[in-house]
């Protein structure tokens, strides 16, 4: 008999008489493939419609950011003095605040308690030409309307008349053209337009708004140089080194330049360089989006491109033959590729946001820089682990050995032992040697002979930095040699600005590196390779291994196949993902520790502290972690509190959540099942309490679910703890 209970998408689960119904229902809510009566066409339609919901949420969120800053922030005051005014994210109202808390949180010129923004939105909005609260409100209302449009579009595409067909979803060439030209290309062109027409004039003290944007020329010659082919005119007369951002003082007329380096006052990339960059991307992508064959019978067919990719000698198999259908028919493969790309790009954003700051005055807001770097690195880690998870699901659910005979996928599976054992060798080598060096150095420090430490200069990395123009090492190579071909070729175009930037201590582009950097670099390499080993092994063994050849029949996540086979626990693809996330968090911990400590030393003008203490483990524990957590450990005491008290509490609370995770990770379900049965007995025997009864019989979580719950607590606690540490230690030092 059909039941109306949750989950509606699975009658089997809905009829389960235990609490398993709820937890399994939540676990498979997004696994559309497994839902009752799901067809391939319906699967694609559901996912397509959900994308609109995702976009609606994103636009609503950004709209909310704009709205709260316009309503409760101090954007107009901040614009007048970005160096000294602290940007306000929003007001705080809390009935628990005592007088000291109200005073501590009343900052940035506000009349009551507020949160300080560390997201960089003030710098971003200022750079792109916003100046007033009215600008922010207008943007907020516009984005809220866009959000509503996307919600409607999502609903519309679930209606029978507006649901695209399966063939439409499988039309790879049309989708590529649309995404390349339509999304990447045209949006980059639109952004160039905004920078040229609004942001650059505002940076030169000329307001452009809805009232005058059609009559204000972004360049004195208008479109004449474009039509006449004299494009160089747009690069002539750029802003000078003495340009005061936001005013006409020292400003020029150029709109598309190749100056290199940073604006001396704001320490951010030149707006005219960024406009040029986006224009170039727009041209490339709009051209790229016309390469694939659709309606007119011209252009490339992806299947033909892939089938032609066969190694010429014949000794390397069938190359990319069969890949078109394999990728085009597997959503997990496509998602894996997308996540791998987006994850890599997100990590690159983390690196670029501090080394090449695009937003005015971001370089002097140290807390925001640290927060943005850490935020993007953590997100990159989770996304990249997800790429391998979906790669493994592809191998279990979608991979067809017959359709991929001898091609690159089949060959990777055939060579998996070699791949996995090489990764294992690399991790062992990196781990033992790096730890060996650190521990040796610790022992030398402990025994009072620091001069006996093994300190290795990263000469290859310094050589690469010198080639890019860093002169401090005295290598006299390529761009660091004024007479080299590389230097003379770019001297009149982009080099003066770049060379000034790379050798200037005002920014953190190409940091000077030494033995401490060499060691932590290899520690991070160990973390990356170990994470990769676990993920790659999980995906390549997902279909089966010598130990368990029929593994794919058990699905993505199974605890084990009973006691009879011996040793089939902990080898599902999900278990590999689960283990890899711990290593990912561990690695990103080292990455963010390195970034943060290196920058704290630079920002304080005390690089010797990092250089001397980073070569041994006690240095990291004592001079980075302990020294910088002192304010948090003493956060609120009998003598009062301060604006860091909330972070001190968050630091404590993060540890608590993290520790709770181990309760799920170290015990198995038998313990909990016994405990639950005892509690059920007590409940049934207690007068009054036993009047209340449950519809679902309480049972313990499954092994797989408990691992997930433990992992989530571990991850959330880990991130809360480090976020509190990072923001408090940075803002406590620099205000």
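Every residue, even glycine, has its Cβ placed from backbone N, Cα and C.
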- request: Match it up for me: which of 76-100, 101-125, 176-200, 201-225 does Swiss-Prot list as transmembrane segment?
  value: 176-200
Task: Would you mind telling me which of 236-254, 255-273, 274-292 Swiss-Prot tags as transmembrane segment?
output: 274-292
Task: Tell me which range among 370-396, 451-477 Swiss-Prot lists as transmembrane segment.
output: 370-396
Message: If I count Cβ-Cβ pairs under 8 A between the transmembrane segment (274-292) and each of 136-159, 176-200, 518-536, 644-666, 708-728, which range comes out on top?
response: 176-200
- line: argmin Cα dist to residue 663 (chlorophyll a B3 binding site) over the binding-site residues 560, 569, 655, 672 returns 672
Query: Any idea what the Cα distance is from residue 560 ([4Fe-4S] cluster binding site) over to residue 671 (chlorophyll a B3 binding site), rounded to a whole Å?
result: 18
Field: Intrachain neighbours beyond the transmembrane segment (708-728), with Cβ under 8 angstroms and 6 or more residues off its ends
entry: 27, 118, 367, 370-371, 374, 378, 578, 581-582, 585, 589, 592, 596, 628-629, 631-632, 635, 644, 647-648, 650-651, 653-665, 701
- request: Taking the Cβ of residue 655 (chlorophyll a B1 binding site) as the centre, count every other Cβ atom within 10 Å, in any protein chain shown.
  value: 15
Task: Would you mind listing the long-range same-chain contacts of the transmembrane segment (644-666), meaning Cβ under 8 Å and 6+ residues beyond its ends?
output: 101, 104, 629, 631-636, 701, 706-707, 709-725, 727-728, 731-732
Message: I need the CA-to-CA distance for residue 655 (chlorophyll a B1 binding site) versus residue 671 (chlorophyll a B3 binding site), whole Å please.
response: 24
Query: Honestly, do the transmembrane segment (370-396) and the transmembrane segment (176-200) touch, with at least three Cβ pairs under 8 Å and pairs 6 or more apart in sequence?
result: no
- prompt: Measuring Cα to Cα, how many angstrom lie between residue 569 ([4Fe-4S] cluster binding site) and residue 671 (chlorophyll a B3 binding site)?
  reply: 18
